[in-house]
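Peer 1: One structure is given below, represented as structure tokens, and several questions about it will come after.
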Amino acid sequence: MPPSGLRLLPLLLPLLWLLVLTPSRPAAGLSTCKTIDMELVKRKRIETIRGQILSKLRLASPPSQGEVPPGPLPEAVLALYNSTRDRVAGESAEPEPEPEADYYAKEVTRVLMVETHNEIYDKFKQSTHSIYMFFNTSELREAVPEPVLLSRAELRLLRLKLKVEQHVELYQKYSNNSWRYLSNRLLAPSNSPEWLSFDVTGVVRQWLSRGGEIEGFRLSAHCSCDSKDNTLQVDINGFTTGRRGDLATIHGMNRPFLLLMATPLERAQHLQSSRHRRALDTNYCFSSTEKNCCVRQLYIDFRKDLGWKWIHEPKGYHANFCLGPCPYIWSLDTQYSKVLALYNQHNPGASAAPCCVPQALEPLPIVYYVGRKPKVEQLSNMIVRSCKCS
């Protein structure tokens with residue numbers, strides 16, 4: 001080595017040691033998604049919501065409030081809004097099934113309706129208008145130990161002969177012994193028995209998540225405004241409508257039942273652990289200091305943030321947004337430079353790494369006026385519930 005090189009060696013040694021001791025930067029910390037200022041993201045999210053609300057209501061501009069009557073909202077309108085809000089809250093509380101669970105074969109179980117000598121039936125007035133069907137949730141949990149394992153639930157009823165056309169409605173027992181409408185069916189006259197099936201997957205997931213012991217449904221004749229006869233004409237196996245309002249004794253194994261399709265119990269632990277690893281939802285993100293992709297809190301006050309006074313309920317809501325880097329799954333020594341170069345050539349404005357985007361969104365019920373008429377509307381996909389890298 002020339003003398004000049006020897007003189008430089010003491011200066012080069014610290015640099016060489018620094019290169020040796022410093023680990024190569026893993027690709028897991030890299031993302032080609034541009035880093036955006038948090039306040040800028042919030043402002044953009046607010047402006048996006050402004051446009052979304054007007055677009056979903058098909059309004060070119062906020063409606064005039066000149067004709068809005070003074071005072072509080074009418075009680076009927078407020079009751080409709082509250083019931084809509086409660087229904088949305090109940091549905092959003094339901095656990096989401098995991099895509100991985102759809103791969104596995106489903107175990108099918110039948111849970112029969114509770115027999116009518118159970119005291120639960122004494123709490124409901126016997127009527128020619130309706131029949132009641134209650135189920136023991138302990139039997140449901142024995143068949144499906146975790147709500148996330150439930151793939152599908154059907155309420156099956158064996159309809160007997162029907163002489164006249166009958167419009168029926170199915171309701172779910174709700175809080176304070178109230179009833180929530182689920183669906184309806186128009187039954188044609190028939191001389192032969194026929195199985196009726198109602199999809200009640202969401203309802204059964206709610207039951208599995210709650211601590212109640214007995215839950216139930218009500219099948220009722222449709223109440224027509226121009227008809228005085230609201231008698232339930234259809235006979236369901238296991239009941240006799242009685243025409244006198246009497247609930248007859250249940251008979252046979254073909255009484256109403258729930259057909260449950262669920263992923264087997266032995267896979268529950270695997271799916272549950274996978275769910276915790278993947279769930280970038282509000283429960284996880286709001287209680288952690290996660291720096292990567294996650295749901296970020298954002299409350300929008302309609303008056304303060306949007307300058308709007310025309311939305312009367314709610315006054316604001318938690319819109320939230322997704323933010324955070326989505327790491328590469330490759331390491332630096334396994335990246336295919338030619339593939340990435342070709343990708344960037346054909347997609348110069350795109351990211352070579354996934355970006356943080358919404359996965360689950362919830363609706364937002366609102367009350368607003370059009371002229372002097374109050375309206376209750378449900379705006380879809382307004383609340384970010386969870387995020388994913390995509």
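Cβ coordinates come from backbone N, Cα and C, glycine included.
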Peer 1: Among Cys225, Cys322, Cys355, Cys356, which cysteine is annotated in Swiss-Prot as forming a disulphide with Cys293?
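Peer 2: Partner cysteine, according to Swiss-Prot: Cys356.
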Peer 1: Say you check the Cα of Asn136 (N-linked glycosylation site) against those of the recorded positions Asn82, Cys293, Cys294; which is nearest?
Peer 2: Asn82
Peer 1: Any idea what DSSP makes of Cys293 (disulfide bond), helix, strand or coil?
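Peer 2: Once the DSSP labels are grouped into three classes, Cys293 (disulfide bond) ends up as coil.
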Peer 1: Determine, to the nearest whole angstrom, how far the Cα atom of Cys293 (disulfide bond) is from the Cα atom of Asn82 (N-linked glycosylation site).
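Peer 2: Rounded to the nearest whole number, the Cα-Cα distance is 33 Å.
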Peer 1: For the glycosylation sites Asn82, Asn136, Asn176, work out the Cβ neighbour count at 10 Å and name the residue with the minimum.
Peer 2: Asn176
Peer 1: Looking at the region 'Straightjacket domain' (30-74) alone, can you tell me the average pLDDT?
Peer 2: 80
Peer 1: To the nearest Å, how far is the Cα of Cys389 (disulfide bond) from the Cα of Cys356 (disulfide bond)?
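Peer 2: Per the Cα atoms, Cys389 (disulfide bond) and Cys356 (disulfide bond) stand 5 Å apart.
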Peer 1: DSSP on the region 'Straightjacket domain' (30-74): how many residues come out helix, how many strand, how many coil?
Peer 2: 19 helix, 0 strand, 26 coil
